[in-house]
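The structure under discussion appears below in the form of structure tokens.
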Amino acid sequence: MTAPTAPAIAPAIALVAHDARKDEMVAFARTHERWLSAFRLFATGTTGGRIQEACPSLDITRLKSGPLGGDQQIGAMIAEGRLGGLFFFIDPLSPMPHDVDVKALTRLSVVYDIPMALNHATAELLIRSGGLIHSVPVSSD
Ligand SMILES: O=C(CO)COP(=O)(O)O
């Protein structure tokens, strides 16, 4: 069996966190800044701004804020085969005006069998698994 070859363009993953989980997402991104830098990074608006501020070395494409369509933009990327992993730190204790969008995004990750971490513990395991970097599709834009 031959070893997987590194993709020519960094594979793409998305980072999203609800407000109650943003500090945790920022800490996670700081801890794994180097690992994250191997990917093309996408994030919803506010999450992306927070991570970018804390991790200036990362090049993050910021989409719209979640309640304004950012979750749907990420869902569309998954449906188009442009995203290979989702780190989505959700807040299960607060009502969300865009709850249907959150559900749609997690649903599409399941439909397309995208590795998805919905909390910090799973995110750490996903990174430690070492499988993500070679399994994700290459973003074409
Ligand atoms: O609401 C979100 C995910 O559902 C995240 O959006 P922001 O990163 O813009 O806060």
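Here, residue 1 is simply the first one shown, and the rest follow in order.
The backbone N, Cα and C atoms fix where each Cβ goes, glycine too.
Note that this is a predicted model, so its numbers are computed, not measured.
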Listed in TrEMBL for the substrate site shared with H18, K22, T44, G45, T46, T47, S65, G66, one of H98, H120
H98
C-alpha spacing of D71 (active site, proton donor/acceptor) relative to T44 (substrate binding site), in angstrom
7
Are any of H18, T46, H98 (the binding-site residues) within 10 Å of D71 (active site, proton donor/acceptor) when you go C-alpha to C-alpha, and if so which?
H98
According to DSSP, folded down to helix, strand and coil, what is H18 (substrate binding site)?
coil
Write out the long-range same-chain contacts of H98 (substrate binding site), meaning residues 6 or more apart in sequence whose Cβ is under 8 Å from its Cβ.
G66, P67, D71
Using a 10 Å cut-off on CB atoms, tell me which of the binding-site residues T44, T46, S65 is the least crowded.
S65
